Structures are given as structure tokens and as C-alpha cells.
Amino acid sequence: MANHIIIFLSLLVFTCSFALAFEPSPLQDFCIADSTSSARVNGVVCKDPKLAQANDFFFSGLHLPGNTSNLLGSKVTPVNVAQLPGLNTLGISMVRIDYAPWGLNSPHTHPRATEILTVLEGTLYVGFVTSNPENRLISKVVQKGDVFVFPIGLIHFQRNVGYGNAIAIAALSSQNPGVITIANAVFGSNPSIPSDVLTKAFQVDKSIVDTLQTKF
Ligand SMILES: *[C@@H]1O[C@H](CO)[C@@H](O)[C@H](O)[C@H]1NC(C)=O
């Protein structure tokens, strides 16, 4: 009897965590985001499905290189529910990432999505770090045609280690994956995290924290 209860509770915990950790299944064919609605829901409210048009499910522009003339030498072009309203409730989106030679898509995490990336051009050094206490770096050099996956929530990055430009396409398991860039979130928050918090957290002098805060 006790065994049955344990099995039942385990199943219950499993199904609940499953339901909470991933975006819910659609309850209709589609729910095109109605950006004009002021209603606040988890996601975006649907426009009248009778008004659906092909363009609601369409985006053009991923053939265009992103402008990598910035300090990192990389540019992410997103295609999520903000750019493609038909993605609402579908739990999926994509990005194009351009990298100048030695360009970096700096360490960041997507709070709501696993990411699967494929290299279209060039060579990338990619990696992610497992959670505490191991904090193991799992990394690899990937080339044109290779595929690498970054598990949901984990901090990851890509660096162009080839001689020319690099291009990647990635799919993400959320209509709105979100991005937390570690450097910007920790040293560039608004308002700032108090420097005594950061000096202790990073075990460095205040001058170093001040320098980092001015950069982000
Ligand atoms: C790329 O971005 C840089 C820096 O913002 C800007 O000066 C330059 O004009 C941009 N190039 C193109 C082609 O848009």
C-alpha cells in the first residue's frame, strides 16, 4: 500500500514539474499574438482566428547578416513572438547569430528555453556550464553542419575561432526564450547591485567592481 502511495506521489511530482517547466500545449490550432490588446495574460492574447493571414506566420530577414560592428563582434537576430505573432503559444522560436572573426556571443542564459544551434558558416568554440556544485564546463569546437545543444537555464556562449565570419542558426523551445547576459545583469543592472555585494561575491576590490560597472 505504502509503495503505491509513493509511486502515485512520484508520478504526481513528475507530471507537475513537467507542466510547470515547459510551455503549455496549445488548446487550439493557433493563437496569433494580438499586440494591440491591453489584456495581460501568460503569453499574448489571440487575435480573431478568422482574421488569420499567411503573413501572421511569416518573417523575412534571416538572409541578412547582422551588424557585428560592436565591442563583442557578434549580433543576434531574433525571430520570436515579438517578430512573428503566429508563434504565440507554440513554444518555439529561432535566431540567426553572426560573428565577426573572434567575435563572441558572451555568456548568457535563456530562462525559458533549451537551444539547439547549427553552424552555417565558419568554426565556433561553444560551451555551457553545469549547475552547482560541479560547475563543469562542457565545450567543443563545432564547424559548418555541426549541431550543439544548450540545455535550458544553463549559462552558455559561442566564440568564432575561425579566420572568417561565422553564421549560426538556433532554435529555442519557447516563443519568448528571454536572455540574461551575465555581465550585463550582474554589473549593469539598473539600479546597480550595491558594490559591497559584488566585492564580496567576486572577492575583488571595489575599484575592480567600479570598473566593471562602468563598462556595462
Ligand atoms: C553597423 O553598426 C555600426 C556601429 O553602430 C555603424 O556605425 C554602422 O554604420 C553599421 N553598419 C551598417 C551596414 O548598418
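Quick reminder: no glycine exception, Cβ is built from N, Cα and C everywhere.
Taken verbatim from TrEMBL:
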- 1-21: signal peptide (SIGNAL)
- CYS31-CYS46: disulfide bond (DISULFID)
- 60-210: domain 'Cupin type-1' (DOMAIN)
- ASN105, HIS110, GLU115: oxalate binding site (BINDING)
- HIS108, HIS110, GLU115, HIS156: Mn(2+) binding site (BINDING)
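For HIS108 (Mn(2+) binding site), other Cβ atoms within 10 Å of its Cβ number 18. Under the three-state DSSP scheme, CYS31 (disulfide bond) falls in the coil class. This prediction places the mean pLDDT of the domain 'Cupin type-1' (60-210) at 97. On a Cα basis, HIS110 (oxalate binding site) lies 9 Å away from HIS156 (Mn(2+) binding site). A simple way to gauge crowding: the CB of CYS31 (disulfide bond) has 22 other CB atoms within 10 angstroms, across all the protein chains here. Distance between Cα atoms for HIS110 (oxalate binding site) and CYS46 (disulfide bond): 25 Å, as a whole number.
Listed in chain order, the extra residues whose Cβ falls within 8 Å of the Cβ center of the Mn(2+) site residues HIS108, HIS110, GLU115, HIS156 are THR109, ALA113, PHE128, PHE150, LEU154, ILE155, LEU172, PRO177, VAL179.
In sequence order, VAL149, PHE150, HIS156, ALA170, ALA171, LEU172, SER173, PRO177 constitute the residues six or more apart from GLU115 (oxalate binding site) in its chain with CB-CB distances below 8 Å.
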